[in-house]
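Pulled from TrEMBL:
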DOMAIN    2-234  domain 'AB hydrolase-1'
ACT_SITE  Ser63  active site, nucleophile
ACT_SITE  Asp202  active site
ACT_SITE  His229  active site, proton donor
Amino acid sequence: NYFELMDDYAETGRQLIMYDQVGCGKSSLPEDPAVYVKETWAEELIALRKYLHLDELHMLGQSWGGMLEMYYLTSFDPQGIKSVMIDGSPSSIKLWIQEQHRLIKYLSYEDREAIAEAERTGDFTNVKYLAANDRYMEKYCWDDPDENSPEPLRRPTNGKRASLIAEGPNEFTENGTISDFDVTDQLKNIHVPVLVTNGTDDLCTPLIAKTVVDHIPNAKWHLFANSRHLALLDQHDEFISVLDHWLAAND
């Protein structure tokens with residue numbers, strides 16, 4: 001739902017197309033775990049472009065969406081991509097996991113112990129772990145929605161199944177179908193304009209973002225100050241301004 005925070009950008013006259021990937025939102029929720037792999041979501045993107053006749057377009061992917069962009073660009077060499085914005089996305093899950101465990105060190109001793117115990121035992125239902133993970137997500141991702149949150153964030157979500165199967169139980173125990181994701185060495189084959197963005201207090205740390213930037217020829221980088229994993233929420237006006245200038249420069 002959170003991409004609806006971009007709705008006001010449509011007032012500029014640009015066409016915005018957002019879609020729910022298989023396994024979340026109003027899209028189908030297949031029971032078969034084998035569906036939830038990067039190949040499925042890439043095929044879905046290809047089919048969507050074909051169905052909507054999107055011969056030329058700009059692309060914006062956030063978190064997993066940016067990972068999908070990197071996989072799509074390096075594996076399929078698509079045509080008609082005018083520019084790409086990769087927001088808060090790793091090119092390597094291994095590096096992502098390393099950085100999450102570094103970020104965990106900034107939590108309290110009690111929270112660090114609760115997370116370590118959950119990872120040791122594989123029990124991610126313990127109340128101490130759940131509270132620790134909530135505080136971790138509030139510090140680096142976003143706050144749990146409340147009555148003051150934007151309306152799209154207050155709506156129920158429908159994507160736990162895809163996340164659990166593809167990613168795992170949390171951001172630092174990546175044991176799902178994308179746990180071996182790594183396209184870092186293939187990024188050199190991307191030859192479209194790319195803007196990489198992330199926040200200073202983001203799950204996607206500056207090291208993760210810099211790794212992507214360093215491997216894509218002529219990539220640009222924008223770091224949002226005082227922003228966690230969703231700059232679109234934490235620094236909304238700046239995010240929209242950066243996006244607008246990027247698109248205008250690559251039309």
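Glycine too: its Cβ is placed from the backbone N, Cα and C atoms.
Per-residue confidence over the domain 'AB hydrolase-1' (2-234) averages 96 (mean pLDDT, predicted model). Taking the Cα atom of each, Asp202 (active site) and His229 (active site, proton donor) are about 5 angstrom apart. Each of the active-site residues Asp202, His229 was scored by other CB atoms within 10 A of its CB, and the lowest score goes to His229. The Cβ of the residue listed as 'active site, nucleophile' lies under 8 Å from the Cβ of Asp87, Gly88, Ser89, Cys204, His229, each of which sits 6+ residues away along the same chain.
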